[in-house]
Every structure is written in structure tokens, then in C-alpha cells.
């Protein structure tokens, strides 16, 4: 009975969170544009899509609360108590890499980026080249997030100052921007945002809080957060480096 009540509350919260987006889109469609929906978008499909979003978001968030959050924190505590730093770092990398590869936002952005880059002439204008670019971009971003989580875990262990590391990261970003292809700069900067989405953020946050709660002398509020900041800046650095040195990895690059 408790799970039903909890799901009902979460459903209400999801409706409340999505309502502003629906109202904004409806206002501009009906009041500003003043045009009916296109023929390709049936009203029934629109309503069903909104229902699927609300139900899916509700189940996703509840699943995180019931399973992935506790599991991530418990694994972090178990690795620390076992004293296996090497395995913890391997787990941190695998968690960052795996959650990012599965990120729906990254999959969508990578596919669109492949189309745009091929149109710009940076790679061949073929479906194979676009698919190769999209796949390579996803791997680069996933590797960067895995690396970022490892760096963040080391920061929690060592107590390194977060602000100095983030400042250094963005200085590197600015320097690499001077040498990266113009067509990839926007994609690189956006890659830092798409990685901090529905899957990556909860898992990485659970890991950080679990570690900071277990390591003696660490404060979960001060040290447990900040991994997402690394997961935002590191993809920018990696994608810029990919643009400078790694485009030859893409099938059909020019």
C-alpha cells in the first residue's frame, strides 16, 4: 500500500513539474503562432505522448529512489570499508562510462551532430560517416565522464579544492577552443550539458554522497557533491581534443 501511495505522490509531482512546459508550448502554439497542429501530429498522439512522459518520468524517479540511489551509496561504502581504492576507481570509471553511453539525450544530440557536421563538410555527407561520427562522439563523451568521475572520487579522497580544479578545467577549455574546428566548438560545449541528465546525475551523485559519508573527515554536504561539475567540464575538453586530433577516427572524414 505504501508503494501505491508513494507512486501516486510521485505522479502528482511529475505532473506539476511538466505542467509549466506544457503551458508554455500551448501558449505559443495557440496565442503567438495561432496555427493548428500540423497534419503529421495528431491530437491523440500528442495526448498519448504526454501521458507516456508523465508515467515514464514517475516510474523512472521512483526506480532511482528505490534501487539505484541506495545501491550506488552502498557500493561506495563497501569499497571504502574494504580498502580497495583501485577497484573503487575502476567502478567509478565504469559507472560514469556506462551511464553516459545509455544517456538518451546524448544519443539524440550525437545523431543530430553527425548530420550537421556532415553538412558542414568536416566529414563526408554519407549516412555511414554520420553514424561513425555519432558513435565516436558518444564514446568520447562517455570516456570523458568516466574520467571525470575518477577525478572526482580522487578529489573526495584527497580533499582537493573543488573550485580550483573547476577553474583549471575551464582554462583548459578556453585554450583548446582556440585550436578546435569551429564546427565542433558548439557541439563540444553542449556535450557538457547533455551528459548531466536523467541517468548520469542520480548515479554519480549517489556515488559521491556515499563516499563522503563513509570516508573519515569528509562532509557529505561539502565533499559529496561536485562530481557533476567534473562531468560537465570534462566532456568539453575531450570533444575539443577529438576535434583537434581525432577526426581521422571517423569513417569518411575529410
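Here the Cβ of each residue, glycine as well, is placed from N, Cα and C on the backbone.
Positions annotated as transmembrane segment by Swiss-Prot, on the basis of sequence analysis: 18-38 (among others).
The transmembrane segment feature in Swiss-Prot is assigned to 41-61 (among others).
Marked as transmembrane segment by Swiss-Prot on the basis of sequence analysis: 87-107 (among others).
Panel annotation: around the transmembrane segment (133-153), residues 88-89, 92-101, 106-107, 110-111, 113-114, 117-118, 123, 165, 187, 191, 194-195, 200, 204, 207-208, 211, 226-227, 230-231, 233-235, 237-239, 242, 246, 249-250 of the same chain, lying at least six beyond its termini, place a Cβ under 8 Å from a Cβ of the stretch. The transmembrane segment feature in Swiss-Prot is assigned to 133-153 (among others); the stated evidence is sequence analysis.
Residues 151, 154, 188, 226, 229-230, 233-234, 236-237, 240-241, 243-244 of the same chain lie 6 or more positions beyond the ends of the transmembrane segment (160-180) yet place their CB under 8 Å from a CB of it. Under the heading transmembrane segment, Swiss-Prot lists 160-180 (among others).
Residues or ranges marked as transmembrane segment in Swiss-Prot (evidence: sequence analysis): 192-212 (among others).
Under the heading transmembrane segment, Swiss-Prot lists 225-245 (among others), citing sequence analysis as support.
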Is the transmembrane segment (18-38) packed against any residues at least 6 beyond its ends, judged by a Cβ distance under 8 Å, and which are they?
46, 50, 53-54, 57
